[in-house]
Amino acid sequence: MRKRPVPASREADGATRRDPVTRRPGRRSPPLLAGAEEGMSQAPEARPSPPSVYHERQRLELCAVHALNNVLQQQLFSQEAADEICKRLAPDSRLNPHRSLLGTGNYDVNVIMAALQGLGLAAVWWDRRRPLSQLALPQVLGLILNLPSPVSLGLLSLPLRRRHWVALRQVDGIYYNLDSKLRAPEALGDEDGVRAFLAAALAQGLCEVLLVVTKEVEEAGCWLYTS
């Protein structure tokens, strides 16, 4: 009666099991020959994870608060903090001129500038008459735009426009539109992409641009290319 051959994967007569996948201690596995890896399953190539971008969504008329937090990429300001700034700016005023009379927000540029100054930052107005090629984006922490925005009541769009604050910021080499009315950040690309976005916004005629910079950059004026 013929004996059945012992499969290679089983141990026979107490011999040490030879498993091509397991490496023996103290011995190096031989390198794979050319083409030997064919037919073997390979691990999927690791892809870099997308950057984490902080983005606040619109609530009430708090677009100025959202723009500040979005441009700083963290929640540093709240409606209460903005209201306190309004009181400091107009301590003797019964009707504060820097916010909505309804208490829903709608803060003006003075609140934004005071908030940034409290963090040791500065807001510099961009002169729309300058070519955008003179904007030294590497020196700018972020941008805050004031744009006309349509007014809606539920699903009904009204034939009205109000001022709306929007933040632009670079994260991991990519510029994003962090408009709080967007469902998610909108990638603008590199410096050329953000300049194109700014050019289109300024072409509307009612757009204002604030550059968020450090005090050192403001004093040195290096947010502007002069040559």
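Backbone N, Cα and C define each Cβ position, glycine as well.
Residues or ranges marked as active site in TrEMBL: Cys63, His164, Asp179. According to TrEMBL, the compositional bias 'Basic and acidic residues' annotation covers 10-22. Here TrEMBL flags 50-227 as domain 'Josephin'. According to TrEMBL, the feature region 'Disordered' maps to 1-53.
Regional average pLDDT for the domain 'Josephin' (50-227) in the model is 88.
Figure note: comparing Cβ neighbours within 10 Å for the active-site residues Cys63, His164, Asp179, the maximum is reached by Cys63. Cys63 (active site) and Asp179 (active site) are 8 Å apart (CA-CA, integer value).
Residue pair Cys63 (active site) / His164 (active site) shows a Cα separation of 6 Å.
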